[in-house]
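**Q** Summarising the annotation, TrEMBL assigns transmembrane segment to 12-36, 48-74, 103-121, 284-302, 308-327, 339-361, 421-445, 466-486, 506-524, 681-703, 709-730, 742-761.
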Amino acid sequence: MKILDRYLLREIVPAFLISLGFIILVMLMNELFYLAEIFLTRQVPLKIILRVLFFLLPSILALALPLAFMAGVLGGLGRLAGDRETEALRLLGISPGRVLKPVWLLGTVLFLVSLSFTFWLTPAANYRWLQTMVNSVLSEVRLELEPGRFVESLPGKVLYMESPGTDRDWRDILIYQKDETGRVEIVSAREGRLVLQPELQEAWILLEKGRVYRLLPEDPDSLDLVEFERSQQALELKGLRPSFSLEKKSREKNIKELWLDRERLAGKNNPESRLVVLELHKRLSLPATCLLFVFLGVGLGWRRWPGGKLGGFGLSLLVILAYYFLLVAGEQKALQGSLAPWLAMWLPNLIILAVGLYFFVRVLRKDRPGKSLSLAQIKKAISRLSEKRGLFRTRTVTTAAGRGVFPSLVDGYIFSRFFRLLVQLFLALLLVMATVAFLLRLELIRGSDKTMKDLLAFIWFKTPEFVLFSLLLAIPAAAALCLGLLHRRKEMLALISAGLSYWRVVRSLLIFGLLLAPLIFVWQDRVLSRSNFRAEELWARLSDRPVRTFSYLNRYWLRSRTDGRFYHYELLRPERRSLSRLLILEEAVEEPGFRKMVYAGEAQVQGDRLILKEGWERSFSGQESELKRFSLTTLELNGAEEYFFKEWKEPATMKFSELKNYAQELEDTGLPGNRFRLEAWFRLAFSLSGLVLVLLACASAGLLAPRGFLWPLAASLVATFVYWQGLAIFRSLGLAGLLGNFVAAWSAPVVFLLLGTYLLLRVRT
């Protein structure tokens, strides 16, 4: 390999690796937020978590490799063109065809690697991922028990315990079950102990000192009362284990299995056959883009674009979005039967090839080798190159200027460079997120009741969320690039040599991150909460979910904190303010069981009282009981409206003050408000994300920029990725009740803030 080839690859390969890491980061972000909550709430072992993530990577790499290669070629050659090095190569007689050779070599290697992924590695990893998720994560039997909460996940039973004892001992237990004939069995016990055998999918509750009530609610005379000292209740756990199919689908089949399916379905024109043919062509067309992007990358990269390497990255982003749009649109058309599967998968490649050949032939004709080269032309090219690289350029820095004054000339200069990069990256990321969201949901508008207008409205109301995350991704990248460029052009050395510390140089960026905190909080609290509510309504319409005409907590079971009674109803009618088939249980104080049992066919809720209709009341004293029937009676219950007609809200659609008030209201009615308190604290802590990410980027640039221009960017992306996962992990720990709300919300920002400060203090200045 010649010197020129190695030089070109040294420019392209780092840009390719940075692009690959960025694409993987974007594609993994949503998946990992989802998986982190599943792992923590199900207490999945670390070994299983690592296995799931490992099997997830091949499917991501299969798509990311070609796209990152395109970005790497345009980014690397864009740097050469931006620094006028392509002009020097042109004057030396080196044509784009010569530059094509090392790029073609790298593209061929990536084509073979990508082909091995799509043919064998990715399908095998997809199936292993499915097996691991089903057998080790999703199918694990989970019995979540919490004092003061009704467990309704048990098949045919409702379980309640008021307070836990030692070990697995329980206190004040209620078990309710209803058979197919409508006969009800209610067990009340003072003490109990849970015996679990998950491997057999069985469990028992060993009860002590209690009573069993069996009756038909409509017929109070059918009551059968049994008192016991010890009893055993079996719990059926099979219903807690969800069933999942392990049958291989197209994405889990290798190339040989797909070919056999194609032969089996030959001659048929149904969705299954179209999917198989589509998948076959996709397995080859996707890796082939590595070869096709060679012509497009060299053809576009040989030209000088504004922004140098960043301009090349921006151009590659547009190409990637166009290719991805054509790929997804063609796939949907093929599945609908309106386009041949082979054409759907190869049409984007043919378009990329045609456009690439056009630009490549154009620059090839423009820059034919063998032109006469004069000494003046060589000197002019070297002069331009030297000025661009800063070899013969000097800068004067006044050491006393602006010292102690904010903003000074240095602050303005550095912040303006940072802000220009921030705007470019922010707009690019916003475009990516909005486009990907649009393409992924494009298939939902097939029905006549769904229009493009609804989909665009959904994207519009999701835009505030895209704005927030695009900004938080762009901030560390822009800071790392800005400081990396200062190091590359020796400007950082000049500033530090003039007596300015590194802290002083990055002061404007840190202040920007600090000022961003209240803006992020206001954006979440005032803008994002409203847009999330509208987006949820539109998503319900697009995904065929029932849109709520009213939104209430339909709990069926609740316990009053004021009088200790249990309330159970079978039907809630908010528009009529009524409950159907209401059962009220009042516990005895000095003996096990109930002191009173009330049933009403219908109950009207009016203020702080219940108007009971067509029912009965039975009072107990030992083994004796007294029955009273009624047609109409009244029962006092403070806050009855709040108990039965409590409006349900999603945390993401509420403001900070509403979250805290709503959590308190839920807890007053016997419901847990932990989720809403956690959201309130998390929203406040999340506002520091801008400062945390700027701090990490400045520290990365200070430590790594002297080693190379792209190292700070890579480190900042990794730090951003780890920070996002830290937020997700601690939030999941809070939702699972393993950490307090304050600790779960603030742990990640505080830990990374301290880490960034420590690393920044280690920068040599």
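Glycine residues also receive a Cβ, built from the backbone N, Cα and C atoms like all the rest.
Bear in mind that the values here come from a model prediction, so they are computed numbers and not experimental data.
Buried or exposed, and what's around them? Tell me for each listed feature.
**A** Residues of the same chain lying 6 or more positions beyond the ends of the transmembrane segment (48-74) and with a Cβ under 8 Å from any Cβ of it are 12-13, 15-20, 22-24, 27-28, 31-32, 35, 39, 103, 106-107, 110, 113-114, 117-118, 121-122, 124-126, 128-129, 132-133, 136-137, 251, 286-287, 289-290, 293-294, 296-298, 300-301, 312-313, 315-317, 319-320, 323-324.
Long-range Cβ contacts of the transmembrane segment (466-486) within its own chain (Cβ-Cβ under 8 Å, at least 6 residues beyond either end) map to 310, 414, 417-419, 421-422, 425-426, 429-430, 433-434, 437, 492, 495, 505-506, 509, 513, 516, 520, 523-524, 528, 689-690, 693-694, 696-698, 700-702, 705, 709-713, 715-717, 719-720.
Here the transmembrane segment (506-524) has long-range neighbours at 406-407, 411-412, 414-415, 418, 464, 467-468, 475, 479, 482-483, 656, 683-684, 686-695, 697-698, 702, 760, meaning same-chain residues at least 6 beyond its ends whose C-beta is under 8 angstroms from one of its own.
Non-local neighbours of the transmembrane segment (709-730) in the same chain are 14-15, 17-18, 21-22, 25, 28-29, 32-33, 36-37, 40, 472-473, 476-477, 479-481, 483-485, 487-488, 686, 689, 692-693, 696-697, 700-701, 703, 739, 743-745, 747-749, 751-752; each lies 6+ residues outside the stretch with a CB under 8 Å from one of its CB atoms.
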**Q** Thinking of Cβ pairs under 8 Å, which stretch from 103-121, 339-361, 681-703, 742-761 has the most of them with the transmembrane segment (284-302)?
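**A** Answer, by Cβ pair count: 339-361.
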**Q** For the transmembrane segment (339-361), could you work out the same-chain residues 6 or more beyond its ends whose Cβ comes under 8 Å from its Cβ atoms?
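**A** Sequence-distant neighbours of the transmembrane segment (339-361): 96, 100, 274, 277-278, 281-282, 285, 288-289, 292-300, 319, 323, 326-327, 330-331, 333.
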